[in-house]
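Right, one structure below, let's go through it.
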2 protein chains.
Amino acid sequence: MPIENAFYTPEAQGPYQLHSLGRFELEDGGVIDELQLAVATRGTLNDDKSNAILIPTWFSGTHQTWDQVYIGPGRALDPEKYFLVIVNQIGNGLSTSPHNTDDSSIAMSKFPTVRIGDDVRAQEQLLREVFGIERLALVVGGSMGAQQTWEWAVRFPEKVLRAAPIAGTAQNTPHDFLFTQTLLEAITSDPGWNDGEYTSHLQVQDGLGRHADIWATMGLSTDFWKSGFWQAIPMLDGTTTDDFRQFQAGFLRALFQLMDPNALLTMGWKWQHGDVARHTDGDLAAALGRITATTFVMPIDRDMFFPVSDCAAEAELTPGAQLRVLPSIAGHFGLFGFNPEYIDEVDRNLSELLATRV
Amino acid sequence: MPIENAFYTPEAQGPYQLHSLGRFELEDGGVIDELQLAVATRGTLNDDKSNAILIPTWFSGTHQTWDQVYIGPGRALDPEKYFLVIVNQIGNGLSTSPHNTDDSSIAMSKFPTVRIGDDVRAQEQLLREVFGIERLALVVGGSMGAQQTWEWAVRFPEKVLRAAPIAGTAQNTPHDFLFTQTLLEAITSDPGWNDGEYTSHLQVQDGLGRHADIWATMGLSTDFWKSGFWQAIPMLDGTTTDDFRQFQAGFLRALFQLMDPNALLTMGWKWQHGDVARHTDGDLAAALGRITATTFVMPIDRDMFFPVSDCAAEAELTPGAQLRVLPSIAGHFGLFGFNPEYIDEVDRNLSELLATRV
């Protein structure tokens, strides 16, 4: 029986549709008998199906942030011009996930390992079967969404005209692997996690809290905290505070403590093992060399775990790619659009990218 | 009864002497009835006592790394010219600490909170009473040793002629506080820690391992891991490896799992609360404005939690201070002297600093 969790509902995340892809075989050998993807679309697909943009989601995220922060009339991602398809990644709590499946063979601790490539194959099937889309004007995503964007560009080069990986890499680095490991350990070390067989995410509040505390260090930046930038950001209860420890408790801790532990573990493992060089026997240059999309590589200047240097190294290996560094005092969590300069720079770059002839 | 731990012995750490300072009242209200400092000296104090250099230790460290990596004939810290006094910080496992005291009123979970200022006052008393030293040619320390160096320069300006804080700040930042919190939580979340009343550090191996894993992310750098730099570094068993996960297990995990959990917690709390502005009602500029020492502020270029920007901001507030950035692919753990460019640059800067007339 699925576990109730109010965070993973249309009321909390905004409306979405579930599309079933039927039986789906995973790259690591597992099977999901009826894979469902939670999908939100904006705009209208044009007659020649040339205006489709795919947006995969990041770790712990859903379609909601993209809908609220990145999409709008007059913006680069303009629903009056484009058909925007935001696909929640497998295991994120909305698409088929450990806590929400009614298939007892894959529920909770039995959920199979899922790879970035599984998401990309599922998205390709969804776009083709449900919408008849064979080519994408753009794939754009942040963090794990960037990992999926890179995977799209390498795996289906003929289907991706433009790619914008924001704050994420094509091949996960050892440093990032070790960072992700600390996030996973914060959860699995909680006795309430019970090897994945808890009956409510409330039993794992300590572990989720520690998980959130690690995010507070690596997800943001020293300047974010020192400047007091956070004092203007409402916590989950709608109030603000001038005590940074209270902000951490009322914002990141409160947010992650709403989430499902096994969902975070599924996504975390997937993130750790992201690697487009799986297509080319470990040769990253060969994998990125396959890319034919016009690509803007867009790291965030203060990102501590997808740092500019790692993203720039991949841009160097990608034919014709341009490096566009985004500014945010919030580091990796700049993705949430805390500062208008970030949003402006994303829009400027995506508009330029979408205007390129391919 | 003290707990046995072979890591905190002269056999493991090299020789040192214990000096008792008698009853020592701590800033936060606790008392250590007989405070013992573990001290290693090199060289000879000259007749006018003008050649003394104080070296306080960092988190989890002892006198040993300074002795092995930073001191030597012909080096800046030359025992043939200077009298070098390396003082192990309170609670580090060699000086009076939760696990090694035979005073049951302060043993283990009852150990009082200790501040950076307590260490500095204890060191001042030691130098005066034991060695008759009233002025220091130089105070130099890394990380928490830098915190103590800053505290010395602010608290006893007339006693410090030169100061070299390496990879550490005068006032801990919120970001660094939150980072340290994750290190503490990794230990206290281990049921084997038992609220500080374990009977062997072996009962806390899981927590110490997670603690080490967080260090692997924040203590090093993405380039350290990606470059394979670590492949040349022997693990604790003397071997090397080309698997980064094995290196993490055999090096940092193996190292921290030798240590005493309560010692790490005592030092961690102290680190979190380091702040020279306690002398000036929270006014950092006023506190640093007191400094009369010739000061070289020496952050490490890839340091993730005492980043150059935070150290540079404090250098700006320190009269006459110069910023000297040290290069290390190992980030904060560059302090261990993994790369010769780092060592050379430390020596060059300390030689120049020691040659300045004051």
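Glycine too: its Cβ is placed from the backbone N, Cα and C atoms.
Source: prediction; values computed, not measured.
Pulled from TrEMBL:
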ACT_SITE  B:SER143  active site, nucleophile
ACT_SITE  B:ASP303  active site
ACT_SITE  B:HIS332  active site
DOMAIN    B:73-336  domain 'AB hydrolase-1'
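Locations of recorded TrEMBL features on the structure.
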| residue | record | Cβ within 10 Å |
| --- | --- | --- |
| B:SER143 | active site, nucleophile | 27 |
| B:ASP303 | active site | 27 |
| B:HIS332 | active site | 25 |
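Calculated from their C-alpha atoms, the gap between B:ASP303 (active site) and B:SER143 (active site, nucleophile) amounts to 10 Å. Taken residue by residue with DSSP, B:HIS332 (active site) is part of a helix.
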